[in-house]
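Step one of this worksheet: look at the structure below.
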């Protein structure tokens, strides 16, 4: 029975059986929640790693999105990206427990999750919505493939690194043509990921904006460009490109692109509902993860 006084009633634990420490974290959170009489469901990918948990507690990610009102993602930012592309379709809040490297998207310490997570369960948290991008590959006027990205959509060569040629249109207005190793189209969330490595700007996560970052352009005048989030970006791939290219979504999903194709990138109607502990500060995260200097006085 649902407790209307609780901020959340059905909680899903999501992740992959990466290593023994991650499995230990999944199990600790599961028992800690069940001891408080929460209904707890788990990612089906954890079934074999957690044989002591009843089989009916496990389900696939789409079903967890339907059934749960809070998802706890255990792992690094990669796990959060994969979960975000699915869970953004549902009315579910998401928080992360960091078992990865940088952890821009995963707030909770796996060894000390109890106190901050208890505060979140009590309704004491910060909530924000992050948008995703949709990527479509068009060929001869038809959509051949599509997917979504929480961080970035990247146009790049296939198996062999080489220059590629393409034109960029924004809302069907020609912006520029380019010969480069590719192009990164990033959300504000992704501005601290691959885009940052490519020299792109850091965008505050609440900005409704998209950054367009060239990858090793064959010109000295090319610079990153930030456009309004509602703009429709179209990449026209030159027929002169000799090999098949690729569009990568979050570095996890790859769509083949042929010479002469068009790639359409636009804001998804879906939003991921991220929640953070009450003391969350985006600028503290930047200072901590990027090694910025502390206050002088």
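Just so it is clear, glycine is given a Cβ too, placed from its N, Cα and C backbone atoms.
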Given that Swiss-Prot annotates 77, 78, 151, 152, 162, 179, 181, 192, 193, 194, 195, 196, 197 as binding NAD(+), state which candidate in 36, 252 belongs to that site as well.
-> 252
How big is the Cα-to-Cα gap, in Å, between residue 195 (NAD(+) binding site) and residue 77 (active site, proton acceptor)?
-> 15
C-beta crowding around residue 77 (active site, proton acceptor), within 10 angstroms = 24
In the three-state DSSP scheme, residue 195 (NAD(+) binding site) belongs to helix
List of residues, in chain order, with Cβ under 8 A from that of residue 151 (NAD(+) binding site) and at least 6 apart | 81, 186, 187, 189, 190, 193, 194, 195, 250, 251
The answer, for which of the binding-site residues 195, 197 has its Cβ ringed by the most other Cβ atoms inside 10 Å, is 195
